[in-house]
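Let me begin by presenting the structure, written as structure tokens, before commenting on it.
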Amino acid sequence: MLGFLKEPVVVTAKINVSLVALTVMGLINRLWGLCYPRAVVFDEVYYGQFVSLYMKRIFFVDDSGPPFGHMLLALGGYLGGFDGNFLWNRIGAEYSMNVPVWSLRLLPALAGAFCVPLAYQILVELHFSHCAALGAALLILLENSLITQSRFMLLESILIFFILLAVLSYLKFYNLQKHSAFSGSWWFWLLLTGVACSCAVGVKYMGLFTYMLLLATAGLHFWHMIGDQNLSNVSLLCHFLARGLALIIIPMGLYLSFFYVHLALLYRSGPHDQIMTSAFQASLEGGLARITQGQPLEVAYGSQITLRNVLGKPMQCWLHSHTNTYPIRYENGRGSSHQQQVTCYPFKDVNNWWIVKDPGMQQLVVSNPPRPVRHGHIVQLVHGITTRYLNTHDVAAPLSPHSQEVSCYIDYNISMPAQNLWRVEIVNRESDTDVWKTILSEVRFVHVNTSAVLKLSGASLPEWGYRQLEVVGEKLSKGYHQSMVWNVEEHRYGKSQEQKEREVELHSPTQMDISKNLSFMAKFTELQWKILTLKNEDTEHKYSSSALDWITMDTNIAYWLHPTSGAQIHLLGNVATWASANAAALVYLCLSLWYLLRRRRKIYDIPEDAWQLWVSAGGICGGGWAVNYLPFFLMEKTLFLYHYLPAVTFQILLIPVVLQHLSDHLCRSVLLKSMFSALTVAWFSSVYFVYCTFSPVTYGQPALSLPQLKALRWKDTWNILIRKQ
């Protein structure tokens, strides 16, 4: 029974020494001197703010993309014991001792280091030689721009890592397809493809480009499988469902989980939550939640409310009035009603309070029991402090002459009667009998007499309106826009009929117990929409560039400059590598067109298996470059050189593909092959020379003298920083 103990237990393992060596070299290359400089480098000033907010659990919105990349950076800070206390306000600012610089930069550096062995394995899985794969890995290893970008608290190296991991995983899955379908390793690589794609998209939306490429590739491969008569219908269905699960369902679920963790971590109110709806703000600890906690849920006749415009643009604001009236005549000569001004005011103020009144009754207090207001009910809105009624009539608005003026009615004993009845329409109702709810209900106010809708125009009034935002009655109200939608933010049940007592009541906080928690899906939907639609004003940056500048590297970015010496760090690519990548792409395109024309004439210059290898490598490497580069020509945003790094990574992988193809199929004699090999070695030596030449501005050390810095300005368009003597 214990016979197996008579023999020693032996474990054998196959170790790819080349892969191990490349990994070690990548780690040394990216991790060496990682804490230098101990100062804020370029966009660390941007991402560092979010890391601090994570450490303090304060909610934020970043319109640049999903939260997964930010969470990975924050994980580095958490592992290093960062407390979040640092003022990220200036590039070049020295880090205080509480900032764990090495930990914050570690994950991007590791991601950049692992891109080196990933490049090697991708070429192997594409069925190229180990020599070609080794060349691809060394080109990634010696690429100055990738080194610079991976050594700081930035996201591009993490994005590229997940992109390459997704490509490698899919290639491994595809190569197992013929002989090991539905095996454990087959499932592992298929599932890892979906996970890596989701992570890439979760870091930056640029990851979508490679995700779409892999989905298209998987679709094309499955289309070929449909024509395979050896596969039954049941088998095809299983393959389809497996791919749908791994490449669509799981990535979507994982993407949702990023937001779930993000929202679970950031539960405290902060400056960024002001752009969110009142319901979202009320779900956060502190801030609006402290004001609205315990408010009555159902709006009733006699309720005292503040009304926030849902649009939140050009800024969040509340329906407001004050004792000042519209000018009798505007600057352009048009006349007004001279009624009390109604505006939208971007600050909390007692003049933001309104009372919901039943037109058939005089009382301004909530009855016992309260009578809730429902969808379709007619109400009057009474301004709490001045007790004048919200009104609109056929008078042009001050800045929007095609819309009606909105005012609080003053009786001047002239032929302009009050028109102050409004119909409540709950936009997000589930039925026509829905009750108007605090925070949760989004409502329109439709004027009974003219059918105009209460709307924020967004225009700023002149000095006589204190630069507050114009509110109008919009006559043309087909459908609805968020500028026409309002929600109750603060709410209390009015108890005082006398005006002086009511004014005191309007200044006091509410104390009732109603919860306003939103579901995760409601918060996710709102946050996702804000990320996609909220855009900061794009301004011209000193180091911004166009997509055309990237191919020839006519631009650079100065990341850091030492305050006293000439030491500096720049985002600059390896000129020899980038020029070779462009040449490889051009050669690939020309050869592909030549082969296609010849094959059309039934002339086959290369064997069929070599042609399939050429096409598949081009689809991954050339396609990866195209999908990660061409979309930038359609984007209206400020662009920088680092946006090109995912694309150029794929283009670099194309270099050994083209070199091996030229060696195998165009150099037919031994002499030609020897000459080609010698030229390849010489070319690679030039790549290494350029890497060494620009290493001082890649790593920031050693500091260079003035003549040395001038010697690095290989192009007039490069902005190498030279101090004036």
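These residue numbers are counts, starting from 1, taken along the chain as shown.
Using the three backbone atoms N, Cα and C, a Cβ is placed for every residue, glycine included.
Those TrEMBL annotations? Automatic predictions, nothing curated.
Quick look at what TrEMBL lists:
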- 296-359: domain 'MIR' (DOMAIN)
- 370-427: domain 'MIR' (DOMAIN)
- 431-491: domain 'MIR' (DOMAIN)
- 68-88: transmembrane segment (TRANSMEM)
- 100-120: transmembrane segment (TRANSMEM)
- 154-174: transmembrane segment (TRANSMEM)
- 186-203: transmembrane segment (TRANSMEM)
- 208-226: transmembrane segment (TRANSMEM)
- 246-267: transmembrane segment (TRANSMEM)
- 575-597: transmembrane segment (TRANSMEM)
- 609-627: transmembrane segment (TRANSMEM)
- 639-659: transmembrane segment (TRANSMEM)
- 671-691: transmembrane segment (TRANSMEM)
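Contact check: the transmembrane segment (68-88) against the transmembrane segment (671-691) gives fewer than three Cβ pairs closer than 8 Å, residues 6 or more apart, which falls short of the contact criterion. With pairs at least 6 apart in sequence, the transmembrane segment (575-597) and the transmembrane segment (639-659) have 3 or more Cβ pairs within the 8 Å limit; the two touch.
Long-range contacts of the transmembrane segment (609-627) within its own chain (CB-CB distance under 8 A, at least 6 residues past either end) are made by residues 122, 126-128, 163, 167, 171, 209-210, 212-213, 217, 585, 588-589, 591-592, 595, 599, 646-651, 653-654, 657, 661, 664-665.
Only pairs six or more apart in sequence are counted, and the transmembrane segment (246-267) with the transmembrane segment (186-203) gives three or more Cβ pairs under 8 Å, enough to call it a contact. Residues 139, 142-143, 551-553, 605-606, 611, 614-615, 618, 622, 625, 648, 651-652, 654-655, 657-659, 661-662, 683, 686-687, 689-690, 714 of the same chain lie 6+ residues outside the transmembrane segment (575-597) yet bring a C-beta within less than 8 angstroms of a C-beta in it.
With helix defined as DSSP H, G or I and strand as E or B, the domain 'MIR' (370-427) counts 0 helix, 26 strand, 32 coil. Taking DSSP states H, G and I as helix and E and B as strand, the domain 'MIR' (431-491) has 6 helix, 27 strand, 28 coil. Across the domain 'MIR' (296-359), DSSP assigns 3 helix, 30 strand, 31 coil. Looking only at the domain 'MIR' (370-427), the predicted model's pLDDT averages out at 90.
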